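Engineer: So Swiss-Prot lists the following for this protein:
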| type | residues | note |
| --- | --- | --- |
| BINDING | 17, 18, 19, 20, 117, 525, 526, 571, 615 | 5-methyltetrahydropteroyltri-L-glutamate binding site |
| BINDING | 441, 442, 443, 494, 609 | L-homocysteine binding site |
| BINDING | 441, 442, 443, 494, 609 | L-methionine binding site |
| BINDING | 652, 654, 676, 737 | Zn(2+) binding site |
| ACT_SITE | 705 | active site, proton donor |
């Protein structure tokens, strides 16, 4: 029997971001919901047929979503808070969008659900909110409709779901006690999943995949019991359906024995990010009779070609224990671009080293064929020989100057003088800012006009001089507007930047860039990460010209805006031939040069965004420092350690949970940190208070990822919440992220309310 191939999930936005465009058109009133549904159906059909044509045996369905799979699961379970139900939309899709984005209109005014990073990826999920009054029941036919839709096209699929354990661990539940065994919530959720399996049994599904990535995290007391309680109630309902328990982003060595003996028909193991531990667990505990191990050998989170020899070795190690091995993607392919087809800007000799989602289907099929081949067939395999050739030679020459510079670093290069308390006093005197200074995070709306002008430059339809004049006019206008509404510290708007990572990559040695390699970040928001191809260094100043120009146009303090080394790496496709630590150190030196040039140009506040610092923190706490923080935090200090005491260093962090690493963040030795907090209900404030956080802080006072405009009173209330926990002298007032993706009609009223709220609070404090 041939080795089975399985894909955990496929990108849903479309090869040319068709889903993004049609949904955003719907939000703007340019097309109706029927057009959205039609485009979605076309994309699903295309993606299923692609996988079928590639020879994939177990093709995913229900991996499609208009916004987010966790949100879909909440709706499936009827976990819809009353505030959204009261909007009384006719279409469930509109309820979904209100939960994701908030809503402000004739039907009411509600904020969006909280949004967090999906484990260690740059994908964001909506956090389900289970109210005490929630009536858990099967509330959607989406999974069954899409299964039948595929079947009508002649494609047999494997429905995919977020598993109940992961859902409950990530959701906001009424109280921790609700997760005790035999409580109503656990039983109700299990009953819905049991009903889902029973329905798929009636529909004739061969396999159903339940994703339980939360199993790769450290276990808290009661976690294993919760898992057992759920699946004890769910699995008896499966009938003839085979259930694949799929895990990814790490290992499940600490629960493998339990999972193995539980009666699952398949267990999916990540052999990229949990390789050694997962293999050791299988070797130690074996594989239960009737259980197939799905070997996750295809990396679903990077774009480099798979090393077939390595993958075959992993499969062979499993086959020493069991003959029942399938080959699979290590995670959903949601996290990689669609296809390398059309990437003509990258030389063919370089492009051959990359595999996007479509190419990974081919890799999966070739690995399966090689798994079944005899040793003689492997020796004569053209596919194996061509693959091995990619790894035999030197892909790119090392830069000796970069290595030499790193070799000369000393401990002193990672320490800024004098101590922060002394710097704060000097900076307050030098900057002369009021109490509760107001600012923004950096970017302002990138209008159609701005994007069109950039496209013209790219196509050669305007000269660089004309483009620069246009950018200067945009900067002039945004400075005037910031001055008019009364912001204290200004920014130049970043109109010259297409993306906070790609822009820097384009001005550094060692990067490659794609034309269409988009991946979903959240909802319709897509990003196009650059590729770290070789050693990194700065060729020329990157931001100095525009920052200096902006400062020359105002008497206010102008922030210089940079992206930090950890974030550049985490939001790029990193190399796999050298460590992340080494790549980050190279980036840190390049950005350090930029910091010093900005300071020399008269920029008094320099913001070094580390939006993605928390994102790649290992999922198990025992790995946090040795495998990440011990080099990530020093890399940030290396960037700014040489500036003058009076130069104020800011940083910014995005959707992350900071509470557990708050002391490490303080150790970055920035002078000010702003961070997204509005969707997290400012829970980080307690951690800041308890840790006696020394860095000045700007917790975001409103959510920029929602189109709704916060009232002045709403922001005032937020400020008072902040002042309950943080010394007023250390508080900054700002939105929770950059404003690039918002419209001007939302941005300026929101900022006017922000400034008015800050002034009102100041006035009360002065009395």
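Cβ coordinates are placed from backbone N, Cα and C, and glycine is handled just like the others.
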Engineer: Under a three-state reduction of DSSP output, how is residue 443 (L-homocysteine binding site) classified: helix, strand, or coil?
Structural biologist: strand
Engineer: Other than 441, 442, 443, 494, 609, which residues of the same chain sit close to L-homocysteine? List them in sequence order, counting a residue when its Cβ is within 8 Å of the Cβ centroid of the site.
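Structural biologist: Everything else in range on the chain: 440, 491, 500, 561, 607, 652, 738, 739, 740.
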Engineer: So the record assigns 441, 442, 443, 494, 609 to L-homocysteine. If I measure every Cα pair among those residues, what is the longest distance in angstrom, as a whole number?
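Structural biologist: Binding-site diameter by Cα atoms for L-homocysteine: 13 Å.
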Engineer: Please report the Cα separation of residue 652 (Zn(2+) binding site) and residue 494 (L-homocysteine binding site) in Å, rounded to an integer.
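Structural biologist: Taking the Cα atoms only, residue 652 (Zn(2+) binding site) lies 15 Å from residue 494 (L-homocysteine binding site).
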Engineer: Residue 494 (L-homocysteine binding site): which of the binding-site residues 19, 117, 526, 676, 737 is the nearest Cα neighbour?
Structural biologist: 737
Engineer: At the Cα level, what's the spacing in Å between residue 615 (5-methyltetrahydropteroyltri-L-glutamate binding site) and residue 737 (Zn(2+) binding site), rounded?
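Structural biologist: Distance between the two Cα atoms comes out at 16 Å.
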Engineer: Restricting to the chain of residue 19 (5-methyltetrahydropteroyltri-L-glutamate binding site) and a gap of 6 or more, list residues whose Cβ falls under 8 Å of its Cβ, or answer none.
Structural biologist: 12, 13, 39, 40, 43, 66, 524
Engineer: Report, in whole Å, the straight Cα-to-Cα distance of residue 526 (5-methyltetrahydropteroyltri-L-glutamate binding site) from residue 676 (Zn(2+) binding site).
Structural biologist: 19
Engineer: What whole-number Å value do you get for the CA-CA distance of residue 117 (5-methyltetrahydropteroyltri-L-glutamate binding site) and residue 609 (L-homocysteine binding site)?
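Structural biologist: So the Cα of residue 609 (L-homocysteine binding site) lies 17 Å away from that of residue 117 (5-methyltetrahydropteroyltri-L-glutamate binding site).
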Engineer: Which one is it: of the recorded positions 17, 654, 705, 737, whose Cα lies the shortest distance from the Cα of residue 442 (L-homocysteine binding site)?
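Structural biologist: Closest by Cα: 737.
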Engineer: According to DSSP, folded down to helix, strand and coil, what is residue 609 (L-homocysteine binding site)?
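Structural biologist: DSSP call for residue 609 (L-homocysteine binding site): strand.
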Engineer: Cβ distance under 8 Å to residue 17 (5-methyltetrahydropteroyltri-L-glutamate binding site), same chain, sequence separation 6 or more: which residues?
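Structural biologist: When sequence neighbours closer than 6 are ignored, residue 17 (5-methyltetrahydropteroyltri-L-glutamate binding site) has 518, 526 within Cβ distance under 8 Å.
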Engineer: In DSSP terms, helix, strand or coil for residue 652 (Zn(2+) binding site)?
Structural biologist: strand
Engineer: Can you tell me which of the recorded positions 654, 705, 737 is spatially closest to residue 441 (L-homocysteine binding site)? Compare CA atoms only.
Structural biologist: 737
Engineer: Inside 10 Å of the Cβ of residue 526 (5-methyltetrahydropteroyltri-L-glutamate binding site), count up the other Cβ atoms and send me the figure.
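Structural biologist: Taking all protein chains shown, residue 526 (5-methyltetrahydropteroyltri-L-glutamate binding site) has 16 Cβ neighbours within 10 Å.
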Engineer: Ranked by the number of other Cβ atoms within 10 Å of their own Cβ, which of the binding-site residues 654, 737 ranks first?
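Structural biologist: Result for the most crowded candidate: 737.
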Engineer: In Å, rounded, how far does the Cα of the residue listed as 'active site, proton donor' sit from the Cα of residue 737 (Zn(2+) binding site)?
Structural biologist: 8
